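Okay, so here's the structure we're looking at.
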Amino acid sequence: MQSNDQNKQWQTTFQALEVVDKLNRLSIESESISPFQNISNGLSKEQITHCQEVFKQFDKDGNNRLSISELEDVLQIVGRPYKSERLQDVIDLITGCPNSDGLCFEEFAALVRVDLMDEPEKRLSERFRVFDTDGSGYIDIQELSVCIGHINRLVTRDEIQAMLQQVDTNGDGRIAYEEFYKLFQQIENQRRFACSSMPDRDWWEKLWPYPEETLKQLGLKKGMSLLDVGCGYGLFTIPAAIFVNPAPVVGLDIDGEILDQGRENGKGISNCSWIWGDLRTMAKTISQTFDFVLIHSTLHALDDKIKLVRDVASVLNPKGFFCVVNWCPIPREDTLWLGKPRGPKTEVRMSPEQVISLVEEAGVGFSLVQHTSVLPYHYGLVFQSL
């Protein structure tokens with residue numbers, strides 16, 4: 001069991017490196033930077049607290065403002081190339097003021113919300129490279145101490161040792177790429193989908209004892225190709241593949257460990273495949289198009305829901321169907337299953353009207369063709385493309 005303190009330190013370290021990546025990429029872009037939209041509004045309390053922790057690590061002089069020199073120091077320490085004049089442009093763009101001397105917390109939080117490194121594989125390899133400074137394929141205690149010490153000087157040697165032991169599952173005193181991969185997956189999931197996680201398989205399968213019948217209710221027909229967005233371990237992916245065979249069915253999820261469970265469960269089903277990727281950048285990850293795209297119990301957790309709808313449009317065949325299944329917008333304490341409240345927090349649940357409105361706002365020409373109750377606690381909306 002990983003300790004909360006160690007996990008929190010890993011999260012903060014990864015977030016700090018994420019900010020470094022964003023500053024670096026913005027500072028070396030060759031094309032002109034488009035106006036920066038401050039999107040710090042809407043952060044959850046947990047996200048704000050986390051941003052504050054990262055901000056303190058960068059704010060070396062403790063004046064509650066990140067100077068350009070402080071940001072340059074961080075870029076240099078972790079070996080990022082950058083152009084000073086471009087970094088000034090980036091800071092000016094974020095603040096909206098020419099020749100700005102740095103970032104306040106709200107401006108920093110807006111930067112944290114922007115995603116610039118889209119592919120999880122690239123993010124993973126980049127993170128490992130930062131720590132593995134000698135290129136040996138392993139992260140030892142010295143490498144970990146140097147990197148984390150540069151980011152957060154208050155972390156003690158004992159704390160860093162505990163962080164290493166948390167990830168070092170085979171006990172050889174160093175972190176292999178495979179061990180780092182599992183940590184990375186956990187951090188990515190917590191960072192990106194704080195309001196959504198894969199439920200325990202036992203009660204989730206009891207809630208959906210007949211997934212094939214649910215798919216038929218939502219309009220899936222034999223011969224339709226299907227993309228299951230945020231598929232988890234394949235509760236709907238596998239029955240869909242069996243039902244529409246030989247049409248292709250693809251499960252997409254960023255949680256590699258759970259995705260591996262789906263892959264194992266679907267072993268031997270020739271028309272079923274699995275892709276590790278971020279559903280928020282699926283337009284770049286998915287190269288084929290489908291007759292039916294399903295997103296189940298996940299839409300509420302996304303920051304940019306309209307982008308998701310537009311990405312769906314890019315992978316949907318003409319006259320194809322986009323199906324959204326969501327928890328009903330009722331108090332969580334009223335969605336009882338096996339004696340416990342289930343599902344996301346009440347305040348993040350979306351009504352059918354909210355989903356319909358955001359699909360219309362996406363401007364991709366989807367028309368609503370079905371609105372159905374999916375018992376006991378969900379509803380389904382099916383949209384058709386032009």
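Every residue gets a Cβ built from N, Cα and C, even glycine.
Among the features that TrEMBL reports, domain 'EF-hand' is placed at 46-81 (among others).
For 119-154 (among others), the entry in TrEMBL reads domain 'EF-hand'.
The average pLDDT computed over the domain 'EF-hand' (155-190) stands at 83. According to TrEMBL, the domain 'EF-hand' annotation covers 155-190 (among others).
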Do you know the DSSP helix, strand and coil residue counts for the domain 'EF-hand' (155-190)?
25 helix, 2 strand, 9 coil
